[in-house]
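What TrEMBL lists as L-aspartate binding site is A:Glu182, A:Arg228, A:His454, A:Arg495. As annotated by TrEMBL, ATP binding site applies to A:Arg228, A:Asp229, A:Glu230, A:Gln237, A:Glu488, A:Gly540, A:Leu541, A:Asp542, A:Arg543. Residues annotated as domain 'Aminoacyl-transfer RNA synthetases class-II family profile' in TrEMBL: A:151-569. Marked as region 'Aspartate' by TrEMBL: A:206-209. The site 'Important for tRNA non-discrimination' annotation in TrEMBL covers A:His38, A:Gly90.
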Amino acid sequence: MGETIKDLTRTHRCGEVSLADAQNKVTIMGWVQKRRDHGGVIFTDIRDRSGIVQVVFNPEQGSKLFEKADTLRSEYVVAIVGEVEARPEGNINPEIATGEIEIKAEELRILDQAKTPPIQIEDDIDTGEDVRLKYRYLDLRRPKMTKLMQLRHQITKTTRDYLSEKGFLEIETPILTKSTPEGARDYLVPSRINQGHFFALPQSPQIFKQLLMVSGLDRYFQIARCFRDEDLRANRQPEFTQIDMELSFVNKEDIFAITEGLMQEIFALADIDLPEQIEWLSYQEAMARFGSDKPDLRFGMELKDLSAVVAESDFNIFSGTVKNGGQVKGINFKGGADSARSVIDGFEDYVKLFKAKGLAWIALKEEGLKSPIAKFLSDSELAAIQQELDAEPGDLLLLVADKPKVVAAALGNLRLKIAHENDLIPVESYKFAWIVDFPLFEYNEDEDRFVAKHHPFTAPVEEDIELLDSDPAAVRADAYDLVLNGEELGGGSIRINNRALQEKVFSALALTPEEQQDKFGFMLEAFEYGTPPHGGIAFGLDRLMMITGRTDSIRDVIAFPKTQRATSPLTDAPSQVAEKQLHELGISIRS
RNA sequence: GGAGGUGUAGCGUAGCGGUUUAACGCGCCGGCCUGUCAAGCCGGAGAUCGCGGGUUCAAAUCCCGUCUCCUCCGCCA
């Protein structure tokens with residue numbers, strides 16, 4: 001059993017004791033980071049979330065105190081009363097914030113003992129994530145993790161302050177809500193009172209925030225938990241957090257202005273400046289130049305269209321692809337001509353992941369051009385390809401011929417892979433862009449119908465409304481994404497605020513009138529009672545955290561994340577439940 | 001659903017058919033040590049080599065299956 005705090009009051013956090021406190025008596029409480037026992041003198045580092053401070057035990061302080069200090073072990077929880085002393089000249093430790101002082105212990109209380117932790121409580125550990133997650137409460141003691149949690153708090157606080165200032169109201173929307181078609185798989189919650197019926201956890205507060213606009217609440221925001229039952233990735237968790245907002249009586253420029261102000265404040269917390277003007281890039285241009293709707297603009301290596309150059313080529317793979325409506329495009333890996341064959345084969349394997357049938361390459365070596373496809377191309381075609389790609393001796397040209405979608409995915413991703421592997425991306429560089437003019441619909445071959453590119457409540461660009469019937473694929477959406485360094489920070493749109501148009505879009509998505517009524521009837525009805533023009537945007541808080549916290553795993557920025565198989569090693573969730581619980585819910589497990 | 005990687009003391013790794021009684025670093029325990037802060041020196045404990053099966057005189061090591069964690073494709077309006 002540990003001792004109790006009793007009359008003690010903490011006067012300082014460990015990391016906050018400074019030279020200004022010299023000669024003063026302080027009381028600190030925290031964990032034993034380290035004990036360095038010199039026989040005649042014992043040093044301990046005491047840690048709390050603010051940092052560490054050195055406490056010294058001398059025999060002169062009393063043998064009882066000294067003997068007690070001798071029993072201290074890692075992660076014991078202690079309270080220490082002592083006098084702050086400036087360290088003598090040669091003993092200052094510039095590595096730690098409190099290195100100019102130490103605390104001469106006068107009283108030590110062991111508030112709790114601790115087993116030796118399974119992971120070491122220090123920053124640069126290589127411990128596997130399974131162990132870290134099982135003992136997450138220990139992992140979070142590591143300064144790096146503690147700082148990330150602090151940063152997360154600062155970002156949400158900044159968001160609340162900024163948006164409140166701009167006239168937004170923070171309003172909670174239901175967690176137990178209705179399953180709607182479209183979008184991700186829902187997490188379902190059975191209803192005991194209404195057996196056979198299910199709530200769904202929200203994929204986003206989308207419909208509710210629009211209803212709040214119908215209510216006249218004018219400006220809404222929420223730090224909203226969202227749930228999607230899809231497979232996980234390094235930057236995707238089944239439950240994640242959005243900074244979600246919706247505004248009435250605005251156009252997209254209004255939303256951009258408010259959003260940019262918010263991003264400025266958030267990124268300032270991480271010493272990252274936003275540009276005066278964030279550039280706009282159309283979806284079409286982003287896809288054409290970077291093969292992605294979230295282009296990484298920190299480096300070049302842009303995709304160049306070679307279709308015209310090879311349209312009449314004798315090389316059938318190229319000319320045939322162009323004739324069948326496909327494209328031939330290429331990128332230039334500057335200075336890559338001497339890449340080993342195995343490296344180039346690796347590139348080919350990589351583009352095949354994105355359904356490309358192959359990867360053609362031309363290496364411009366010192367001794368001349370080397371390429372398995374050169375013999376199929378005329379000299380003028382080869383020359384034109386090099387010119388389009390701005391090629392010089394030493395370059396490696398990589399070409400893909402396929403459907404536009406495949407070419408974009410293959411070369412867009414290959415561009416990123418090459419850049420990462422060859423350190424072509426400048427560090428501490430931040431390139432923002434608004435991506436605009438998304439298509440409203442995307443054709444889904446599996447389902448043989450159009451699906452919403454953003455979501456079904458997105459308004460079409462006004463001049464494209466007449467195309468809804470004649471050429472749905474050509475309709476542009478009044479939607480936008482904010483992109484940074486190849487990551488989508490957030491996205492939103494101006495919404496439909498009119499029942500007739502909303503029904504028209506639903507119909508274009510092949511929802512029958514009955515489905516529209518059943519799934520969205522309440523929303524359509526709401527739109528009949530005077531709906532203001534409105535729009536909004538939502539940012540992935542976890543992704544903002546990854547960038548500002550400079551980490552590449554989403555699990556590092558969430559206190560208690562799930563593993564890739566969507567489980568929690570800490571709590572062992574999800575788990576089986578008692579037969580009685582299932583019975584109450586009217587559920588039986590099919591085995 | 002698919003592809004790849006991974007798993008050896010508490011943690012990180014080495015060993016990749018037989019000189020292994022499974023090694024090293026960190027951590028842990030004990031001793032010495034009055035200025036360390038990656039303390040130092042001496043000594044010690046600690047491992048069913050993920051799990052199951054197979055091949056072999058012999059398996060941590062080779063083969064098959066399975067599970068875990070990670071990365072990616074599909075999926076994520």
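Please read every residue number as a count from 1 along the shown chain.
Positions of Cβ are set from backbone N, Cα and C atoms, glycine also.
Pairwise Cα distances among A:Glu182, A:Arg228, A:His454, A:Arg495, which the record gives as the binders of L-aspartate, peak at 22 Å. For A:Leu541 (ATP binding site), the number of other Cβ atoms no farther than 10 Å from its own Cβ, over all displayed protein chains, is 26. Within 10 Å of A:Glu182 (L-aspartate binding site), as judged by C-alpha distances, no recorded positions are found among A:His38, A:Glu488, A:Leu541. Of the candidate recorded positions, A:His38, A:Glu230, A:Leu541, A:Arg543, the one lying closest to A:Arg495 (L-aspartate binding site) when CA atoms are compared is A:Leu541.
Helix, strand and coil counts under DSSP for the region 'Aspartate' (A:206-209) come to 4 helix, 0 strand, 0 coil.
In this structure, A:Glu182 (L-aspartate binding site) belongs to neither helix nor strand by DSSP; it is coil. A Cα-Cα distance of 17 Å separates A:Glu488 (ATP binding site) from A:Arg228 (L-aspartate binding site).
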